[in-house]
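**Q** Sharing a structure, written as structure tokens. Questions coming.
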Amino acid sequence: MLIQIPNVLTPEEVRYCRQRLESSNWVDGRVTAGDLAAQSKLNLQIPVDSEVAQELGEFILTALGRNASYHSAALPLRVLPPMFNRYEGGMTFGTHVDNAIRTVPGTGGMRIRADVSSTLFLTDPDEYDGGELVIKDLYGSHTVKLPAGHMVVYPASSLHAVTPVTRGARWASFFWAQSMVKDDGQRTMLYELDLTIMEVRRQLGDDKDAVLALVNHYHNLLRRWAEL
């Protein structure tokens, strides 16, 4: 399931993030890649233990906390602190898969299962050429290049890549979540059912037996599938 979520950050919030990142120290992005992924990775990142990464990570987590679409799509149990990357001057990240298990920084070794990947764009498409996020699934390849402040959410099990940036610079935040429902097919069904419930409520109101029955069905499925 690949879901685009608009306006996770407002234009003012994007500008604030950009201003903080512009004056920060960037390092070789390969320091956070696995052995295989590092062979195809060429980008810059903000060190995860830096003050700006921690500040802006909390800033983005706060924005996620008020975004109902993200919670409906990801059903997050735990979210790793957001990270920040930059591609420019031919930088790219070849096709790779994310590590299934990731260590939470600053916890002394606590680990989470990476079920859901997210990329939050911090530059508009007209600011750079190339830099498309290409996500592969059973139905083919999907190319994603969204306005600043918009986000794409997709299964962490997907093969994906970032095409070379040939003009300008592509800035983004990226992070992973452990979902309450680890199976992507089950998450997709719950997400689509949630959307259906919202539409039925809009059309019929909340005082109909059909609405209550659908809500009951949603929560019983979540109760059956969730792992806490």
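Quick reminder: no glycine exception, Cβ is built from N, Cα and C everywhere.
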**Q** Which of HIS160, HIS217, HIS219 does Swiss-Prot put in the same Fe cation site as HIS96, ASP98?
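**A** It is HIS160, as the record lists it for that site.
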**Q** What does the structure give for the C-alpha distance between HIS160 (Fe cation binding site) and ARG170 (2-oxoglutarate binding site)? Integer Å is fine.
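**A** Taking the Cα atoms only, HIS160 (Fe cation binding site) lies 16 Å from ARG170 (2-oxoglutarate binding site).
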**Q** Just to verify a number: CA distance, ASP98 (Fe cation binding site) to ARG170 (2-oxoglutarate binding site), in angstrom, no decimals.
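**A** Each residue's Cα considered, ASP98 (Fe cation binding site) and ARG170 (2-oxoglutarate binding site) end up 20 Å apart.
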**Q** When the pLDDT values for the domain 'Fe2OG dioxygenase' (78-179) are averaged, what is the result?
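**A** Average per-residue pLDDT within the domain 'Fe2OG dioxygenase' (78-179): 97.
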**Q** When you measure from the Cβ of HIS96 (Fe cation binding site), how many other Cβ atoms are you left with inside 10 Å?
**A** 18
**Q** How many Å separate the Cα atoms of ARG170 (2-oxoglutarate binding site) and HIS96 (Fe cation binding site)?
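**A** Checking the Cα atoms of ARG170 (2-oxoglutarate binding site) and HIS96 (Fe cation binding site) gives a distance of 19 Å.
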**Q** In the domain 'Fe2OG dioxygenase' (78-179), how many residues does DSSP assign to helix, to strand and to coil?
**A** 3 helix, 62 strand, 37 coil
